[in-house]
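> Could you have a look at this structure, given as structure tokens, before my questions?
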Amino acid sequence: MRKHNSSHLEHVFLVLSERQQKQLDLQEVQEPYPVIDENQKRLPLLETEKVFNSQRFLAQLIKYLIWNKRNIPFLMLLLALPAALSFICHAVTTVNPTGLPIAIVSDEQSSCQLPKDYNCTHSGRPLSCTYIDLLRDKTFKIHRHQTFDSAKQSLLRGKTWGILHFAGNYTASVIQRIEEGQATPDGVVDASTVDVWLDMSNQWISNLLKRDLIFLTLEFFQNLLSECGYSPQVAYIPVRFEEAIYGDNIPVFGHYTSAGIICTFTFYLAVLFTVGSIMTEISVGLDRSLVAGMTVLEVVAAHGVIMFMLVGTQSFITMFLTYYVFGYPFHGSVTLIIILLFLIEVMGMAYGFMLSVVFDKEAIATYAGIGTVVMMFMTCGVVWPIEGMSTVLRSIAWAIPVQPTVESFRSILDRNWDITHPNVFAGYISSTIWTIIFCAIAYSVAKQKKICV
């Protein structure tokens, strides 16, 4: 205590301890650092002498399987999507509009309650009532109006889709027109004609309504001629439509759109799953896996196996429900359809991988995928045929990724064409070329971003 000029022994102990620590620190600084051999390479955790190693691939595959096992709700949603899509498309596009309201204005004074006259004099029940009966049989809803102005107001207010007007001497004029033939005066011809006004704002409903009215009028006159002792074939138009070579004489819109919907959504589901999986892989540590020795090929291959299992199941559900449960016509080769769907899935996976590499955020990649799929949906012939597009768009439609596969799918399905036909062959070639292009872009961008070596 006297030596260190201190009145406390604890203070002396503190001073001695600090002096000892300074001496130890000085010895560490003076000791030389170990020499490192720069030629000696540090071995990675995984062997990287091969581009593809089965053990690394299996490890990555098991990791994906475990990830999907932990996300059962997400898997159930992905498997429920094609079932819901098939059901909605079938319910929406396979039934023609029924129960359309029609306004009727008849100036004939006779009551429709009178018994029908079968001797072709029609002195009792007017023919306009027979025409209206046929309208009811075709599921039209009849709205009777006393005046044309009242019927027009109902059409302007959107309560009806059309107006049918019968002249006061409609029955007599029709009988006179049948009996006199070419000698029928123009006034009688006008009086025997049903005047129709339609709401043409909806193209599908108005065209179907016009078609049904034309067929109904032909049926009406055929029945009338038969009752009057004439050949009903006189009422036929001078064109005979024979049995259709492909498809049905009365096509169903849902049968036409099924090919485009299946191809487009097969591509989209592959893009959606790939973007989600790759972006998740990048966010949780793809760099660590690559540094440890994994290769991009092994990551993509493991993802491809899971993707083919999932999207293949989705395609099977869609095809089973559409063509087996709902009974859509299927006339082509099942093998060609399966191969084509497989190529579409590969193309979708390649496009999804390209989006995942090009964009840094999952939201942006997802938006890009949705936007391009909507564009493909509009241009691949689902909503409107290619022949009805503008000349410029029609000239480049063949270069749109999904469009040739839709035509190929439809040609196999409805026309039973084989792989040697150009329309079928083009779909396989187009999907293969676009897959190569997407993979090349993805690899080039990955090299620039140093994602792969």
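FYI, residue positions are counted from 1 along the chain as it appears here.
From the backbone N, Cα and C atoms, a Cβ is placed for every residue, glycine too.
Sharing the feature lines straight out of TrEMBL:
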type     : residues : note
DOMAIN   : 75-441   : domain 'ABC-2 type transporter transmembrane'
TRANSMEM : 72-93    : transmembrane segment
TRANSMEM : 256-278  : transmembrane segment
TRANSMEM : 290-310  : transmembrane segment
TRANSMEM : 330-352  : transmembrane segment
TRANSMEM : 364-386  : transmembrane segment
TRANSMEM : 425-446  : transmembrane segment
> Counting only pairs at least 6 apart in sequence, do the transmembrane segment (256-278) and the transmembrane segment (425-446) share 3+ Cβ pairs under 8 Å?
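Taking Cβ pairs at least 6 residues apart, the transmembrane segment (425-446) and the transmembrane segment (256-278) are not in contact, as fewer than 3 fall under 8 Å.
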> Ranking 72-93, 364-386, 425-446 by Cβ pairs under 8 Å to the transmembrane segment (330-352), which is first?
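Most Cβ pairs under 8 Å with the transmembrane segment (330-352) come from 425-446.
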> Taking a Cβ cut-off under 8 Å, which residues six or more beyond the ends of the transmembrane segment (72-93) line up next to it in the same chain?
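Cβ under 8 Å, 6 or more out: 252-254, 257-258, 261, 265, 269, 273, 310, 313-315, 317-318, 321-322, 326.
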> Cβ under 8 Å to the transmembrane segment (364-386), counting only same-chain residues 6 or more beyond its ends: which ones?
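Apart from its flanks, the transmembrane segment (364-386) reaches 257, 260-261, 263-264, 267-268, 271-272, 275-276, 279, 351-352, 355-356, 358, 393-394, 397, 400-403, 406-407.
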